[in-house]
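Quick look at what TrEMBL annotates:
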type	residues	note
ACT_SITE	Tyr54	active site, proton donor
BINDING	His109	substrate binding site
DOMAIN	34-271	domain 'NADP-dependent oxidoreductase'
SITE	Lys79	site 'Lowers pKa of active site Tyr'
Amino acid sequence: MADIPTFTLNNGVAMPGVLFGCFQGPECRETADIEGLHDALAAGYRGLDTANNYNTEAAVGEGVRKTDIPREQLFITTKLPSTMHHDVKASFEDSLKQLGTYIDLYLMHWPQGKKEDGTVYDGPPDGPTFNDVWEEMEKLLETKQVRAIGVSNFSHKTLGQLLQTAKVTPAVCQVEGHPFHPDFAFMKFCHSKGIHMSYYSPLGNGQTVLKDADLVEIGDAHGVSAGQVCLAWALANGVSVNPRSTNAERIKGNITLPKLTDAEVKRINDIHKNDEKRHSRLCLQPYNKEDNTASGWSLEKLGWDVGFKHA
Ligand SMILES: NC(=O)c1ccc[n+]([C@@H]2O[C@H](COP(=O)([O-])OP(=O)(O)OC[C@H]3O[C@@H](n4cnc5c(N)ncnc54)[C@H](OP(=O)(O)O)[C@@H]3O)[C@@H](O)[C@H]2O)c1
């Protein structure tokens, strides 16, 4: 089995290669416990990925307090919700309060801001632009309560716009990624700017990607599942992963990964090419196929993959 890498971010902070996804479903309201968190820490995960609007920050904080793993060995990512773009400081302080500890990585969850009633806006007069929000996030570094800042759901287009005014280059860009949606062009752009890419839904949200014949065959050769192959492949491409599971065996498997050969990595890199059925985003929550928007913005405005296919 392969060693799980640690990635050094552009400000020197070390980030684990595998972080446990702490989203517990859209209806989650302040659960006391996160299914699988105890198993994940016992299996060796040291990274936890949550967000203010997952309503799991308090449970992550509780899990971190309950374990005897020293806090400095853990890495907590959380995210600023779109509804709080107008008051970054207040939302950050709320996350700190919920977690009861400092934040290792604070991400702008989405480029677009949203009013409380859910209406999406595009800067003044309704609210700040994402460039303004980033400026507020940069100030948070002075509090010493956050070690690195970054973005999520940005694209080549929106990240390029953000970089035009950023004083601090984002340390991380978290996006959907798996063999059906590797986003290589954007990955290359991020790497050229010193921005670490991190995949959410790295198992394709538990859907079709896990039944892919190529991935199953490569998994069989190593005695592992297609899911484990997806994660090992992302790490081999220098991308960290945030898989979620509620099953103790799969939780352990997702951090016990095979060492893929260069030929296998290349074969997986090519899976999405020239095949519509194997070229699609799979994380369903934010996408509205009725009007082709994601979290209220058109795919064009988001700059998301024009080859978008809904599986
Ligand atoms: N930044 C963002 O906007 C954003 C958006 C979405 C997600 N995320 C983050 O990414 C995390 C994961 O995303 P996700 O939940 O969409 O997708 P995922 O991790 O790709 O897939 C999770 C699904 O795969 C199943 N699974 C887990 N390990 C498996 C394995 N080895 N083999 C087969 N099936 C397996 C799980 O079921 P079992 O529980 O039965 O194992 C679950 O149904 C979230 O928890 C969150 O932290 C971020």
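Quick reminder: no glycine exception, Cβ is built from N, Cα and C everywhere.
A map of TrEMBL features onto the structure.
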| residue | record | Cβ neighbours (10 Å) |
| --- | --- | --- |
| Tyr54 | active site, proton donor | 23 |
| Lys79 | site 'Lowers pKa of active site Tyr' | 26 |
| His109 | substrate binding site | 23 |
Distance from His109 (substrate binding site) back to the residue listed as 'active site, proton donor', taken between C-alpha atoms, in Å: 11
For Lys79 (site 'Lowers pKa of active site Tyr'): DSSP state (helix, strand, coil): strand
Cα-Cα distance linking Lys79 (site 'Lowers pKa of active site Tyr') and His109 (substrate binding site), given in Å to the nearest integer: 5
Per-region confidence, the domain 'NADP-dependent oxidoreductase' (34-271) (mean pLDDT, whole number): 96
